[in-house]
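Participant: Dropping a structure here in structure tokens format, bear with me for questions.
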Amino acid sequence: MDSCCSAPSSPETAETPARGHTRLFRSASASSPRILSSIRELFEKRRGHSVCSLEEDLMFPVRICLSARVPARALQVLEAHEQGINAVRFSSSSDLLATGGTDRLVKLWAVRAGSLSHRATLEGSSGGITCIEFDPSVRQQVFTLTLTGHSRKVTAARFSSVHQVVTGSADGTVRLWDLQRAAAFTVSSYCSDLVCSENCVISGHFDSKIRIWDCRMVSCVQELPAPGKVTSLDVSADHSQLLSCCRDDCLQLVDLRRWSNDRVCFRAEGFKCGSDSTKAVISPDGCFLAAGSADGAVYIWNVSTGNLETRLPDKHR
């Protein structure tokens, strides 16, 4: 798993935002039930049937945003890597940012008062970094583990539990890795991005499909069509909405509570999905969607109205 890295943790107008927010969509948060009823069986923990400790077997609370505000400007610009940056990820507490680049480095940045300061550089990858994920246990230890088995570039990596990682690759496979035993099983599929829990994996693919996998049966239980190559997936904080970004320049939102083919499409004049790795995200309160465009701008849509909320024109080179 050379090109992905897992790190230890440390838009219309929304409701009135809390003060002091310093990053994209950041806001106050609270805990909520993790999974909704229609997919509860796939996402539930296997209590009494897991090698995880009691703490790990309990449902991790999901931090949801009570209200969000749309950003208007860049707070800080950093020359973080010598080459292109392919992945960025905040820790669950939002006080740490990880960036990964074509230079094969992962850099950790402390987030304080709206500014970033360099904290550490992680080396050892044999290829450019394509994806970053934080350990959900919020451990402070730094350790190195290399998982080998994919024959081509690893395009996505996500923790499904404290001791399991799911990876997707250009070799046409999705793999579930047990970090305690360094074992893996493979299911056939070309994968560009993933969202997952311990028992369920949702994968996006370049064959214009979104697939839902039951890890307990090692099988695909549902398949949803997409209008083009799927470049990224994201799930809302309450796990009720699935966002996909496709090469047809469209963002689509699917209601996971119904798993129907009904979906809402978000487009905007000027927005172009410029690469097979273009990312789109849902704001913590579920009110906004954001995606980077080929023109170097960030486009933000309002989920309620379906309209473009704003376009942040500060261009990336």
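Any Cβ shown, glycine's included, is placed from N, Cα and C.
Curation does not apply to TrEMBL; its annotations are automatic.
Under the heading region 'Disordered', TrEMBL lists 1-20. Look at TrEMBL and you will find 1-13 tagged as compositional bias 'Polar residues'. What TrEMBL records for 78-119, 147-187, 283-311 is repeat 'WD'.
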Participant: When the repeat 'WD' (283-311) is classified with DSSP, how many of its residues are helical, how many are strand and how many are coil?
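Facilitator: The counts are 0 helix, 14 strand, 15 coil.
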Participant: Taking helix as H, G and I and strand as E and B in DSSP, count the residues of the repeat 'WD' (78-119) in helix, strand and coil.
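Facilitator: Tallying H, G and I as helix, E and B as strand, the rest coil: 0 helix, 24 strand, 18 coil.
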Participant: Check the repeat 'WD' (78-119) for me and report the mean pLDDT.
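Facilitator: Residues in the repeat 'WD' (78-119) carry a mean pLDDT of 84 in this prediction.
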